[in-house]
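Taken straight from TrEMBL:
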type	residues	note
DOMAIN	1-119	domain 'FZ'
DISULFID	Cys81-Cys105	disulfide bond
DOMAIN	145-461	domain 'Peptidase M14'
ACT_SITE	Glu431	active site, proton donor/acceptor
REGION	557-587	region 'Disordered'
Amino acid sequence: TCMDLQLSSCADAAYTQTAFPNLLEQRSREAVESSPEYILLSVLHHLLEGQCNPDLRLLGCAVLAPRCEGSRVRRPCRHVCEGLREACQPAFDAIDMAWPYFLDCAHYFAREEEGCYDPLEKLRGDLEAEEALPSGLPPTFIRFAHHSYAQMVRVLKRTATRCAQVAKTYSIGRSFDGKDLLVIEFSGRPGQHELMEPEVKLIGNIHGNEVVGREMLIYLAQYLCSEYLLGNPRIQRLINTTRIHLLPSMNPDGYEVAAAEGAGYNGWTSGRQNAQNLDLNRNFPDLTSEYYRLASVRGTRTDHIPIPEHYWWGKVAPETKAIMKWMRTAPFVLSASLHGGDLVVSYPFDFSKHPLEVKMFSPTPDEKMFKLLARAYADVHPMMMDRSEGRCGGNFRKQGSVINGADWYSFTGGMSDFNYLHSNCFEITVELGCVKFPPEEALYGLWLNNKESLLSFVEMVHRGIKGVVMDRFGQPVKNARILVKGIRHDVTTASDGDYWRLLPPGSHIVIAQAPGYSKVMKRVTIPLRMRKAGRVDFILQPLGTGHKKLSRELQRTVPASRDPLGEPPQLDLEPLGARRQPSAGGSKPWWWSYFTSLSPHRPRWLLKY
């Protein structure tokens, strides 16, 4: 007999009726609620720190409280279970937990021909429903309004469909509450990196209550698509020569909190953090402190600094982890993080070179280039160029609305410093206005102020030099170093041997080198008005056999450090694993005592050994 579904952890399932006994032969709601299987479902998102949430919980609910229709129990689909297991198994491995027996895809799930159903259908339902434009409006129409999460997803997917030849959407991961961190990409060949095509990312809404950046990127996506189809030569050239990634909302959970209060009523901090109450722009590894230590040692590299292992001992948000993994999937050259609360463009470093100084000018080795990048945004922004003292951001007018981050205020764990010190990517921070959650009527004006700035900034990725590093047989040399004399910050080549080096105008001595090869040096002059990256290729000659052998021996003696993000050839561990692996000697994992204290039934099926 079908009865109402009354399990609190399954309240958001796609159905409302269940039946007992369930697929585990548990005969009542009380039996389910006291079972270790149900307890596991209720805490799984905390154990896995937001990974695979709420998918795994809903999948488990389909077994513990199966769907009942017309006095008949329907089983969940096997292919859904198999897809989730493939995606989520690493998260279980990382905390040394076995895959739960009741999520055995072959045993408790059915094939499609047996009349199964998708227990995750509700997750996708309102996002896939097409929202029709008001009648009589052209497809190029942009609605200058605030977008809920579902509306944002629909607009991005609809835009990608309209411009399918140059656009696609993809997810870089999930927020703590299970929302996809959805990106829309524009490129001549979406979905793949093209040789020597630079990659740019723009990220909005890292703080959930700072919503202007979120809306600007939603509008920018629609604008790029429409103008491309209309034949705008500037936009067509930009998309055909650049791979552009837009992530409108890095913190969709925080946005929901802020949006519940509404525009004009939102407090200065309500919704700022993610669902774990973490400030995502303080949650990245502090590599700047390590940089200052290394910079004092002559001859030591101060770029591509690895993530220290102790970082994983703290709480790392799934949104932060998703950004770090994303940075490894594409050779990003340029990035901007869009914020709110003031009107200024800041650039690294954000952490003062003297840790006790709240404000202290703390430049990177690429100070000149970062100022050019910041100026590219600010100089075409009408409000940033307004010389009025009383305007929003008026205290920055003497600096031209551009400031070094640490000279404004110093903080650790920021995303911009991490980009610069861990990868090849140069990232600036743009504060878009003094009102964090403005009323809808202000959004069109904000778009007019920022449209040209956004385009001008993205075009800056074509400054400096680019090229390919090859061996004498024309084969690409991956991870070769590109050095510029006088700038103590190297970039590395991508897997195809291509590289991009943002550089200010002037003469530079550029060096390419890689283990086992002799270095090659070239003098490069970048004219003042050059708007296109100069092509500078390198062909590396192999060293003699003695040098090669020594190089291999040196590489062999360098100990492999643990890399929780799974970058080969280092150990493939998830962050949770780096922090919470069980101690040696056969002791139980850290989470075992929690389950044994809550239930008399010890869930030994969660133990891997």
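Yeah, the Cβs are placed from backbone N, Cα and C, and that goes for glycine too.
When the neighbouring Cβ atoms lying within 10 Å are counted for each of the disulfide-bonded residues (Cys81, Cys105), the highest count belongs to Cys81. For the pair Cys81 (disulfide bond) and Glu431 (active site, proton donor/acceptor), the Cα-Cα distance reads 43 Å. Here the domain 'FZ' (1-119) has, by DSSP, the following mix of helix, strand and coil residues: 57 helix, 14 strand, 48 coil.
Taking only the Cα positions, the spacing between Glu431 (active site, proton donor/acceptor) and Cys105 (disulfide bond) is 48 angstrom.
The local packing around Glu431 (active site, proton donor/acceptor), expressed as other Cβ atoms within 10 Å of its Cβ over all shown chains, amounts to 26.
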